[in-house]
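A.B. asks: Quick paste of what Swiss-Prot says about this protein:
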type	residues	note
BINDING	Ala10, 16-22, 55-57, 77-79, 117-124	NADP(+) binding site
BINDING	Glu31, Phe32, Lys33, Tyr34, Phe35, Gln36, Asn65, Arg71	substrate binding site
DOMAIN	4-185	domain 'DHFR'
MOD_RES	Lys33	N6-succinyllysine
MOD_RES	Lys33	N6-acetyllysine
Amino acid sequence: MVRPLNCIVAVSQNMGIGKNGDLPWPPLRNEFKYFQRMTTTSSVEGKQNLVIMGRKTWFSIPEKNRPLKDRINIVLSRELKEPPRGAHFLAKSLDDALRLIEQPELASKVDMVWIVGGSSVYQEAMNQPGHLRLFVTRIMQEFESDTFFPEIDLGKYKLLPEYPGVLSEVQEEKGIKYKFEVYEKKD
C-alpha cells in the first residue's frame, strides 16, 4: 500500500526554515503546538504517526525532546551506522525509510507519515510520485536564514481552500504574523 506523504514546515517570506541549527524566528508557542498536534494525532485507534527527518534536524531538537514523543521517529543518514540515541529507526534514504514503513511489523502500527525536515529531505519527498500534502506555516516576515525550503511547484501542487483542523485566519504571536496553508498533489 502506498500511503500519502505529509510534509510539515514553517517558512519565512524569504523561504528560510533554519539558522545555525535552530529556527530563524523567536519560538512561536501556538505554531509549535500546531506542529505537535498535526504530527501526533492519529485517526486510527491503536496506530501511531511516524516522523521522518534528516540527521541535522534530529540533532537540532533539544535532547530532552528527542525522540518526538508519541510518534515513531526515523532518522535519515548515510554516515551513521546505528540509530542515534532515542531514535527508533535509521534509514539511509527516504526511499529506504518508505520501504521500512511497509514491512509488516511497522505497517500495522503506522497511521500517517510526516516529513519534518530538513531541506534535502523535503526536496526528495516533494519529488516523490503519488499523493503528497504540504502543511506550510507562512511566517509573514523575512528572517536571516542559512537553510531554505524548496520552491513549491504550483503546476503540481494545489493550495487547498481549507483543510479539517487547520485554521484559515492569520495568526499572530510575539508581533509575528503567520498563516497555515495546505497544498496537495495527486499523480
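Each residue, glycine too, has its Cβ placed from N, Cα and C.
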A.B. asks: Roughly how many angstrom lie between the C-alpha atoms of Val121 (NADP(+) binding site) and Arg71 (substrate binding site)?
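C.D. replies: About 18 Å separate the Cα atoms of these two residues.
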A.B. asks: So which binding-site residues are near Tyr34 (substrate binding site), with CA atoms within 10 Å, out of Gly21, Lys56, Gly118?
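C.D. replies: Within 10 Å of Tyr34 (substrate binding site): none of them.
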A.B. asks: Summarise the model's confidence over the domain 'DHFR' (4-185) as a mean pLDDT value.
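C.D. replies: That stretch averages a pLDDT of 97.
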A.B. asks: Would you count the other C-beta atoms found within 10 angstroms of the C-beta of Ala10 (NADP(+) binding site) for me?
C.D. replies: 24
A.B. asks: For the C-alpha pair, I'd like the distance in angstrom between Glu31 (substrate binding site) and Gly21 (NADP(+) binding site), rounded off.
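C.D. replies: With distance taken Cα to Cα, Gly21 (NADP(+) binding site) is 18 Å from Glu31 (substrate binding site).
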A.B. asks: Work out how many Å separate Arg71 (substrate binding site) and Gly18 (NADP(+) binding site) at their Cα atoms, rounded off.
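C.D. replies: With distance taken Cα to Cα, Gly18 (NADP(+) binding site) is 23 Å from Arg71 (substrate binding site).
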A.B. asks: Have a look at the binding-site residues Gly21, Lys56, Gly118, Glu124 and say which one has the shortest Cα distance to Gln36 (substrate binding site).
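C.D. replies: Nearest listed residue in space: Gly118.
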A.B. asks: Quick check: of the binding-site residues listed here (Ala10, Lys56, Arg78, Gly118, Glu124), which one has the Cα closest to that of Lys33 (substrate binding site)?
C.D. replies: Ala10
A.B. asks: Under 8 Å between C-beta atoms and at least six apart in sequence, can you list the same-chain neighbours of Asn65 (substrate binding site), or say none if there are none?
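C.D. replies: Asn65 (substrate binding site) has no long-range Cβ partners.
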A.B. asks: Out of Phe32, Tyr34, Phe35, which of the binding-site residues is least crowded by other Cβ atoms within 10 Å?
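C.D. replies: Least crowded of the binding-site residues Phe32, Tyr34, Phe35, by Cβ count within 10 Å, is Phe32.
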A.B. asks: Using a Cβ cut-off under 8 Å and a sequence separation of 6 or more, which residues in the same chain sit near Arg78 (NADP(+) binding site)?
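C.D. replies: Spatial neighbours, sequence-distant, of Arg78 (NADP(+) binding site): Lys92, Ser93.
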A.B. asks: Which has the fewest other CB atoms in a 10 Å radius around its CB: Arg71, Val121, Glu124, the listed binding-site residues?
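C.D. replies: Among the binding-site residues Arg71, Val121, Glu124, the lowest count of other Cβ atoms within 10 Å belongs to Glu124.
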A.B. asks: Around Gln36 (substrate binding site), how many other C-beta atoms are within 10 angstroms of its C-beta?
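C.D. replies: So the number of other Cβ atoms within 10 Å of Gln36 (substrate binding site) is 14.
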A.B. asks: Between the Cα atoms of Ala10 (NADP(+) binding site) and Phe35 (substrate binding site), find the distance and write it as a whole number of Å.
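C.D. replies: Approximately 9 Å lies between the Cα of Ala10 (NADP(+) binding site) and that of Phe35 (substrate binding site).
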